[in-house]
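As written in TrEMBL, here are the features:
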- A:7-27: transmembrane segment (TRANSMEM)
- A:35-159: domain 'Cytochrome c assembly protein' (DOMAIN)
- A:39-61: transmembrane segment (TRANSMEM)
- A:82-101: transmembrane segment (TRANSMEM)
- A:113-131: transmembrane segment (TRANSMEM)
- A:143-162: transmembrane segment (TRANSMEM)
- A:188-206: transmembrane segment (TRANSMEM)
Amino acid sequence: MNKTWWKILGSVLVIYTAIAGLLLGVPRLPILNESIRNLYFHVPMWFAMIVLFSISVFYSIKSLSSKSEIDDMKAVESVNAGIIFGLLGLVTGAIWAKYTWGQFWSFDPKQNFAAISVLLYFAYLILRNAIDEEQKRAKISAIYNIFAFPMMVVLLFVLPRLKDSLHPGNGGNPGFNSYDLDSRMRMVFYPACLGWILIGYWVYTIRFRLRSIENKQQHN
Amino acid sequence: MKKILFSLILMLTTVQLFAQDNGVEMADKLRSDGKIYVVVACIVIILLGLLAYLFSIDKRLKKIEKENLPKN
């Protein structure tokens, strides 16, 4: 993944979604109105976050068996990059909620659980900072991460579905199916997700490369 | 070839069927006034700027990597 083609692909896709997402046609729906276009910008943040956290849990498991410092650094930096996208997802969701649900934060199950799942990963970073010994830190935080990941999945995708939520796809809500089935929206939504995932992965690689140089200089 | 072209034209004519007005308020006026393009231009410039910045960080990082991690 040291090549540049995927970075350019990600950039092109993100710029494409900014243009096509604002100019192409969307379904006419009451309450949502033009804010339906937020689907192209709000949802990909969460997809990018989930992909980055999946990378993190993968390297956490790997670091437990390999005991390699590099795997541990990869796990931290992908969480660091993923949290940015999680926070952006929360803020954009709150703004969208203000104009469709009436309040920035209506203590909707989806909002609450999404906030808790971001906090889970803050706890991961705090846990790491609390341990000075490197081997111990790598092991304990890797195990924490392995537990945090399924918790995040449950908080985002299972628990909100069991409660009444205003968020599409949860509770008594019919979900985004009716919009997703719209082929015009799919043409922007899928490239948007792929584009932001690639940008997120890029940010993670930059963070990891910086960290490995810092690490090398500390050891010298 | 003609058949494909003909069916393509027929498909294109159905596109306008999607644009029917069912009384839901959308930013039609904004679009017809052309002002939405201003917003799109701004967003694209911001994104281009940020992405170019990301590329330049990447380039600088590559240089530092060459100095610090010779085997890679």
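Cβ coordinates are placed from backbone N, Cα and C, and glycine is handled just like the others.
With a threshold of 8 Å between CB atoms, the same-chain residues lying at least 6 positions outside the transmembrane segment (A:7-27) that come near it are 34, 36-37, 40-41, 44, 178-179, 182, 184-185, 187-188, 191-192, 194-199, 201-202.
Within its own chain, the transmembrane segment (A:143-162) is flanked in space by residues 46, 50, 53-54, 56-57, 60-61, 64, 75, 79, 109-110, 113-114, 116-117, 120-121, 123-124, 127, 169-171, which lie at least six positions past its ends and keep a Cβ under 8 Å from the stretch.
Between the transmembrane segment (A:113-131) and the transmembrane segment (A:82-101) there are 3 or more Cβ pairs closer than 8 Å, counting only residues 6 or more apart in sequence, so the two stretches are in contact. Residues in the domain 'Cytochrome c assembly protein' (A:35-159) partition by DSSP class (helix H, G, I; strand E, B; coil) as 112 helix, 0 strand, 13 coil. Mean model confidence for the domain 'Cytochrome c assembly protein' (A:35-159) is a pLDDT of 94.
Beyond the ends of the transmembrane segment (A:39-61), by six or more residues, the same chain brings 17, 21, 71-72, 74-76, 78-79, 81-83, 85-86, 88-89, 92-93, 96, 114, 121, 141-143, 145-146, 148-149, 152, 156, 176, 179, 185, 188-189, 192-193, 195-197, 199-201, 204 to within a C-beta distance below 8 angstroms of the stretch.
Beyond the ends of the transmembrane segment (A:82-101), by six or more residues, the same chain brings 31-32, 35, 38, 41-42, 45-46, 48-50, 52-53, 56, 108, 111, 114-115, 117-118, 121-122, 125, 166, 196, 200, 203-204 to within a C-beta distance below 8 angstroms of the stretch.
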